[in-house]
Amino acid sequence: MAIAAEAPQEVKSPSKVSMVEKVEKVEKCWTLSDFDIGKPLGRGKFGHVYLAREKRSNHIVALKVLFKSQLKQSQVEHQLRREVEIQSHLRHPNILRLYGYFYDQTRVYLILEYAAKGELYKELQKCNYFSERRAATVSIWITFASLAQALIYLHGKHVIHRDIKPENLLIGVQLKIADFGWSVHTFNRRRTMCGTLDYLPPEMVESVEHDASVDIWSLGVLCYEFLYGVPPFEAKEHSDTYRRIVKVDLKFPPKPIVSAAAKDVISQVTSTFLPSSENPCRQSCTIQINKNVVNV
């Protein structure tokens, strides 16, 4: 499969590194002709993702192709610029790398690390829920230790992801947090309601100020969904989901069987979801989760 080139304009990779050690530290200006385009990997609201090979290094990447017209129509150009600026500077084994970007007259191209096994969401769909003893494809506690470490790193860099959910977790050699479209710096507290409803904390649902702890809440919601197969506050009507989130209406069904330690991890996140100034233990919640999962 190929994509027709359209008078590409060269732009330096924001990370200023190539994708292999032999050309590391060399400033690279990318164009579409630098890549062999392979099969489609997925599609989103603003474009498509393709498997690609960088010709010079033979390195396999995921090439995300976004259409400028759709970005402009949805007024998210600033959001894309912020996504590129943030993700291109992140270096963690559990965060998907953004190697660089370039654009032509109609499209923007993001050069991303390729995660061969795709979305963790698809693994969840196959088996409905993850047993705590499951080890073949997904070890749930290794998964959550990895996510907790990645969040500690992100928050240490003053970055909030704000859209942690199964669709944004990719499986390669290691689990990877992807899609930084809603990410922001934490220098100022935010009020914007964004992300996916099932994973939003009470303060975002109520459109009050929020900080990096929104990612911690999402981590607890993920833990519940992976163990039970559904998000903890899911309801038939959105209004009921809102209500359950605001009240932190957390219930543990009898089936499937989940350990007390796992329930404690989930409860720890939700029951301490108060403003940091009112609840000091919330500030270290991610670190505590990371310690707990090792012993589950």
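The backbone N, Cα and C atoms fix where each Cβ goes, and this holds for glycine too.
Taken from TrEMBL, the feature domain 'Protein kinase' applies to 35-296.
Annotation source TrEMBL lists ATP binding site at K45, K64, E113, Y114, A115, E167, N168, D179. K45 (ATP binding site): 11 other CB atoms within 10 A of its CB, across all protein chains.
Under the heading active site, proton acceptor, TrEMBL lists D163. In this structure, D163 (active site, proton acceptor) belongs to neither helix nor strand by DSSP; it is coil. Cβ neighbour count for D163 (active site, proton acceptor) (all protein chains, 10 Å cutoff from its Cβ): 22.
Feature annotation from TrEMBL assigns SUMO2 cross-link to K165.
For the binding-site residues listed here (E113, E167, D179), the lowest count of other CB atoms within 10 A around the CB belongs to E167. For K165 (SUMO2 cross-link), other Cβ atoms within 10 Å of its Cβ number 20. For the recorded site, E113 (ATP binding site), the DSSP three-state label reads strand.
If you measure from the Cα atom of K165 (SUMO2 cross-link) to that of A115 (ATP binding site), you get 16 Å.
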